[in-house]
Amino acid sequence: MVRLVLPNPGLDTRILSLAELETIEQEEASSRPKWDNKAQYLLTCVGFCVGLGNVWRFPYLCQSHGGGAFMIPFLILLVLEGIPLLHLEFAIGQRLRRGSLGVWSSIHPALKGVGLTSMLVSFVVGLYYNTIISWIMWYLFNSFQEPLPWSECPLNENQTGYVDECARSSPVDYFWYRETLNISTSISDSGSIQWRMLLCLACAWSVLYMCTIRGIETTGKVVYITSTLPYVVLTIFLIRGLTLKGATKGIIYLFTPNVTELANPVTWLDAGAQVFFSFSLAFGGLISFSSYNSVHNNCERDSVIVSIINGFTSVYVAIVIYSIIGFRATQRYDDCFSTNILTLINGFDLPEGNVTQENFVEMQRQCNASNPAAYAQLVFQTCDINSFLSEGVEGTGLAFIVFTEAITKMPVSPLWSVLFFIMLFCLGLSSMFGNMEGVVVPLQDLKVIPPKWPKELLTGLICLGTFLIGFIFTLNSGQYWLSLLDSYAVSIPLLIIAFCEMFSVVYVYGVDRFNKDIEFMIGHKPNIFWQVTWRVVSPLLMLIILVFFFVVQVSQELTYSIWNPGYEEFPKSQKISHPNWVYAVVVIVAGVPSLTIPSYAIYKLIRNCCQKPGDRQGLVSTLSTASMNGDLKY
């Protein structure tokens, strides 16, 4: 076993000893929040981990990388990468009883940048994640009507036909791009604020504030609904989906394995990235949540339970999604065939009912033989069920276009629409609880807010400030900004944070010390699996994924898809290059958080080198006192 531990002077003065830990827990029982029960804690963690990405990212990756074959690297990396880091975050938060900023500052003052980066990433993700929730609320509000507003095109101003943009695309496309986003044709064309979206964004932040106003005291009550209702809705959709025509075709298509994909490095890279992001690791929220546990809570068992639920949910959601996609593909296949049948009937004046899907090819042959010239004038569509099933859609396109189109073809469509968007709302809201925790707690640890200010005020100021910045997402170009942040702002920083977390605990805090801490908390030392993954396997996997991600993102040109009615292949999305100034934006939103970690470490090094020996001794004494009083200031 690797036993390298880097020098870390003063560590014992910055953290509580195991003997003092239980005493401090009793003393802070009245001042520090704690969970009402174990179920409340687990539901909160599950709600934070299981988010919108499980709904619209995992099914797409399965479909793109060999169906059932993708499950193999996903499950392997879930065990070797996801569970070990989850256990580490649970254990270190429970042991040091602080948020992310306090935890890493306690381990080493130079690691404060890790906590700061987690806070910045949580802030950026919350910034655009709640915008998605506002879109979900807009669709939810519009679901309480019959027919659904995206089921048919609106009439033009003269009432003589449909709006041209809708007629050339589809009702679901038109409602999403024009009625909802009123999207521009470029990220440079900002346009104006869409007031309906602004009101929905205000509602989203207001709901989040009410749910997080007192931290876990309020979120702990809400998660009983937000973390369980999605599973109820998913089960209802699965039962309904399996009764729809073509549902099994979608499920079979999803899980039909293409084992050749296992030899594709991109498949393993995407599986590793999906495991990492689906656990919401490195945001700091899980560390804060675990810090509210009892000292002797079994964090090892918690990490396994949450991991199993998360992995099961990803697969379960994929089955539900593709049962509906199978139904949608079958409907489109039937519509395509009906159009071809109608073309053949009209071209040869055949009696209705004489041509069916079963005899269509034979009737084509007969018509071609009887009048080749007339047959040559007919234009038939290509109807292939696999092509409809293979239309890989992820992200907002899956939720707001593909699924909404499928819902319009279901009986009692408003009911299914309401259920679907309530489910998405709960998934998004419960994930935002963790993001808010990852911002509020570090700000409290930084002491930038006067201690006399109540937590309700701090939470309100954060929600208000983020809401004001979120105005950019209500512009005509808002969707492009959101996609930009989602694609480039958080991936690299999160991977860097996760690697630093694992390295810091194992080689700065010391894995042997960590093992003793866990033995004290749960009654036994971590077994050989945890030792191997923490010391070697998990850091190596994260480093490989980080390097690959960095190489891919740096080497590729920044492009994005736009909705352009003037595009010659409309309604297909047009892919264009980002303007040059976007590169500067990407460097700022991705580079600043990433560079915070080494920058703060260098700052501490320079500061320590410039201090006089007497000042250093005084600093150690101060840190020791602050550590015992629970008031670390670095």
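Note that Cβ sites are derived from N, Cα and C of the backbone, with glycine treated the same way.
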Is it the case that Gly438 shares a side of the membrane with Leu11, at least as far as the topological domain names in Swiss-Prot go?
yes
For the transmembrane segment (121-141) against the transmembrane segment (305-325), do we get 3 or more Cβ-Cβ pairs below 8 Å once near-sequence pairs (under 6 apart) are dropped?
no
Tell me the coarse DSSP state (helix, strand, coil) of Asn368 (N-linked glycosylation site).
helix
Can you work out whether the transmembrane segment (193-213) touches the transmembrane segment (457-477), with the criterion being 3+ CB pairs under 8 Å where the paired residues are 6 or more apart along the chain?
yes
I want to check the contact list for Asn354 (N-linked glycosylation site): same chain, sequence separation of six or more, C-beta distance under 8 angstroms. What comes out?
Ile345, Met363
Of the glycosylation sites Asn158, Asn258, Asn368, which one has its Cα closest to the Cα of Asn182 (N-linked glycosylation site)?
Asn158
Output the single range from 42-62, 222-242, 269-289, 457-477 maximising the number of Cβ pairs under 8 Å to the transmembrane segment (305-325).
42-62
Out of 269-289, 457-477, 532-552, which stretch touches the transmembrane segment (414-434) the most, going by CB pairs under 8 Å?
269-289
Look up Ser17 (phosphoserine) in the DSSP assignment and report helix, strand or coil.
coil
